[in-house]
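Per TrEMBL, domain 'Longin' is recorded for 8-119. The transmembrane segment annotation in TrEMBL covers 188-208, 228-247, 254-271, 277-295.
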C-alpha cells in the first residue's frame, strides 16, 4: 500500500528539528530510515533544495527554502507528484504561520511542535487521494518535477550509518576528501567583513609602497631591493589572509598564524620607512584578521537530535 509514513520540519543550517509528525510505524525498515533522516539533517546545507533518497522499500523526499527543510518518508510506490505536493503544502503553511526570526533563533528541538497538528491532517489527506482537494494543482507540480527533477542522492554520499561504513562509501572516500576541501564556513559577521576590508586596505598600501620602491630603485636613489621584497610579501600575506577568511582549507588556523608572523616580520624590516602608528596599524589589522579567521570556523556537524 502506498502511503506517507512520517514528516519532519528541520532547520537547514544545523539540522535542528522544529516539528514532526507522530510516527506509528515501528517496523525495522522504518526504524532504519530514521537513521537516514539523522544523516540527511546533518547535510542539508550541502544538498540541493529538492532531493530524493531511495532506501529499498522506502523513499525519503525533502525540499528546502528560506533556511527550513521539509522532509517526509513514504513507501517506494508513493507517487512523486503527490510527495512533493505534500511537502509544498507543508512549506506554504509553515512560512505563513512562522516568521524567519523565530526559526533562526530557535534553540530547543521541536519548539514548533504545535505544527504537528497540521502535518497530521495533511498526511491523512494525502494518504487518501480520493479526499484530496488539491488535484487541480497537481498538474503544475507534475510539470515542475519534469522540468526540474529532484536530485537523487546516492547512498555513498551519506557516508556511514550507525558506525558501519558501506562498501559504496569506502569507494567514495576520495570524493569525500574533495568535498571536505569545499566545506562551508559559518556565516560572515560584521566584524569579519570589516576585517576583510581592512586586510585589503593594508594589502593595497603595501602594493603602492612596493611600486614606489621599484621606481626609486630604477632612479638609482639607493633604495634597498629587500624593501621591495618586504612590501610585496606584505601584500601577499594580506591577500592570503582575505582568502583564509572567506574559504575553508586544511590547517586553516595554523596558516593564519604563520601569515600573521610574516606580516610582523615584514613590518619589522620596514621600520625605517614607516612611523610607529603605521607599524601599529598594519600589525593590529593582521592580528584582528587572524582572530576573525579563528572565530569563523567550518560549520560543524549537527547535534544528534532525535529526528
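Here the Cβ of each residue, glycine as well, is placed from N, Cα and C on the backbone.
188-208 is the stretch from 188-208, 254-271, 277-295 with the greatest number of Cβ pairs below 8 Å to the transmembrane segment (228-247). Residues 231-232, 234-235, 238-239, 241-242, 245-246, 266, 281-282, 285-286, 288-289, 291-292, 295-296 of the same chain lie 6 or more positions beyond the ends of the transmembrane segment (188-208) yet place their CB under 8 Å from a CB of it. Over the domain 'Longin' (8-119) the predicted model carries a mean pLDDT of 86. Each residue of the domain 'Longin' (8-119) gets a DSSP state, and the totals for helix, strand and coil are 48 helix, 29 strand, 35 coil.
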